[in-house]
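What Swiss-Prot lists as active site is D8, E69, D141. Annotation comment: Swiss-Prot describes D8, D141 as Mg(2+) 1 binding site. What Swiss-Prot records for E69 is Mg(2+) 2 binding site.
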Amino acid sequence: MTRILGIDPGSQRTGIGIIDIDEGGRSRHVHHAPLILLGEGDFSQRLKRLLHGLGELIETYRPDEVAIEKVFMGKSAASALKLGQARGAAICAVVMRDLPVHEYAATEVKLALVGKGGADKLQVQHMVGIMLNLKGKLQPDAADALAVAITHAHVRATAQCLGVNTQQAWSRKK
């Protein structure tokens, strides 16, 4: 059994999703939740909350591997910078506990789950619900975190079949 923590980083809310993968490659939902960072004081205090909150979650759920969504350039450079800083704090929380970090772009996650890199959030939420047999509507940040964990599980399974590491299994020749 392998436990994967998926992280959808954000400067206000960070999505957390945890799945277990059995020996047959089947995914099972373990936990999902947002880590709410608003109301934690200035931005540096939010980063501190993210670092400590993820650390506590890692200690509680003991994942074997971590998958995190890469930063994309959004509407403003300032927003992208804050998102990058939140992502950096999340990665620090993971590597401080000697866990491997695997990174996936949003388009790669959408492609892995829905079959097209331009899929919208509702399609991703729907597929996550189906794949993990979840009832009810998922919050976008939780769905994205679970989606990145599922993506890593798929890449991991492909890598094992091919006898390569996960980075080699996902990389494309340009």
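Yeah, the Cβs are placed from backbone N, Cα and C, and that goes for glycine too.
Here the features listed in Swiss-Prot are painted onto the structure.
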| residue | record | Cβ neighbours (10 Å) |
| --- | --- | --- |
| D8 | active site | 28 |
| E69 | active site | 25 |
| D141 | Mg(2+) 1 binding site | 23 |
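Here the Cα atom of D8 (active site) is found 6 Å from that of D141 (Mg(2+) 1 binding site). In this structure, D8 (active site) is part of a beta strand by DSSP. The distance from the Cα of E69 (active site) to the Cα of D141 (Mg(2+) 1 binding site) comes to 11 Å.
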